[in-house]
Amino acid sequence: MSNAALATAPHALELDVHPVAGRIGAEIRGVKLSPDLDAATVEAIQAALVRHKVIFFRGQTHLDDQSQEGFAKLLGEPVAHPTVPVVDGTRYLLQLDGAQGQRANSWHTDVTFVEAYPKASILRSVVAPASGGDTVWANTAAAYQELPEPLRELADKLWAVHSNEYDYASLKPDIDPAKLERHRKVFTSTVYETEHPVVRVHPISGERALQLGHFVKRIKGYSLADSQHLFAVLQGHVTRLENTVRWRWEAGDVAIWDNRATQHYAVDDYGTQPRIVRRVTLAGEVPVGVDGQLSRTTRKG
């Protein structure tokens, strides 16, 4: 089905959808995710994802690495992380293990330092802490819509440089320096810089969404100080509590989010408790700005 049809067509299959927050997030009940899921259910899941931005499935304890990858193929083309090795025995799975300092506790959209970054991510909880370790998502389309008109008009014209080479220590001051350095060396084994429009047009819904997060290095055409101020103002609208949803993980939960219209933050409040999640990302499109210009990679190496 075409993007336009997916956005507008009525869907014969009605999922059991329960909104979690007012502007973003819904739990879908009564669906057992698998590589054998029927086409009508897959289509309905795709439509729910575009509408709600992030969707949750409880109790998917039957999934293993292979079936997670197999299910992902129903939603798009899985792609591995550009710099971080995959889990042994898999082609695409990225593991985030809190015990290894892999705690994504800053606001970001996945892999925006590349040109055509993933359109969606599928995250499975393998080990969940007894308390803490929630993830929060923000609706970047709602954030754009709530901007005052003069600020929207400015944002429409802005471009930002995204990179995987940034100040890791300032974002993660509590992580063991040796672990942090090991992570940095792997994460920046290839350094990318990509210019994205600050406002991208969603290829299915047509919504405009802010394209920011911690991979932003600077706003083009502004001094570093002005760039930081502009970023803070716009990013502050993204992370307003009214634009967010928070999910309390249980082992076997699956979250799927539209990476073109969200940011997320893994809350690092679980101490030494174990927390392991595994993620598959799906190939995305090169973002298009309000003026029709495409994102472009300016550095790779």
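Positions of Cβ are set from backbone N, Cα and C atoms, glycine also.
The feature substrate binding site is assigned by Swiss-Prot to H81, V111, with experimental evidence given as support. Taken from Swiss-Prot, the feature Fe cation binding site applies to H108, D110, H264. The 2-oxoglutarate binding site feature in Swiss-Prot is assigned to T135, R275, R279.
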When distances run from the Cα of T135 (2-oxoglutarate binding site) to each of the binding-site residues H108, D110, H264, the nearest one: H264
Coarse DSSP state, helix versus strand versus coil, of H264 (Fe cation binding site): strand
Same chain, 6+ residues apart, C-beta under 8 Å of the C-beta of D110 (Fe cation binding site), given in sequence order: Y117, P118, S121, N259, T281
C-alpha spacing of R279 (2-oxoglutarate binding site) relative to V111 (substrate binding site), in angstrom: 13
Env. residues of Fe cation site, Cβ within 8 Å of mean position of H108, D110, H264 Cβ: A104, W107, T109, S121, G213, N259, T262, Q263, Y265
Cα-proximity to R275 (2-oxoglutarate binding site), 10 Å cut-off, over binding-site residues H81, H108, H264: none
Spatially closest candidate among H108, H264, R279, the listed binding-site residues, to H81 (substrate binding site) (Cα to Cα): R279
Per-residue Cβ crowding (10 Å cut-off), top of binding-site residues H264, R279: H264
Distance from H264 (Fe cation binding site) back to R279 (2-oxoglutarate binding site), taken between C-alpha atoms, in Å: 14
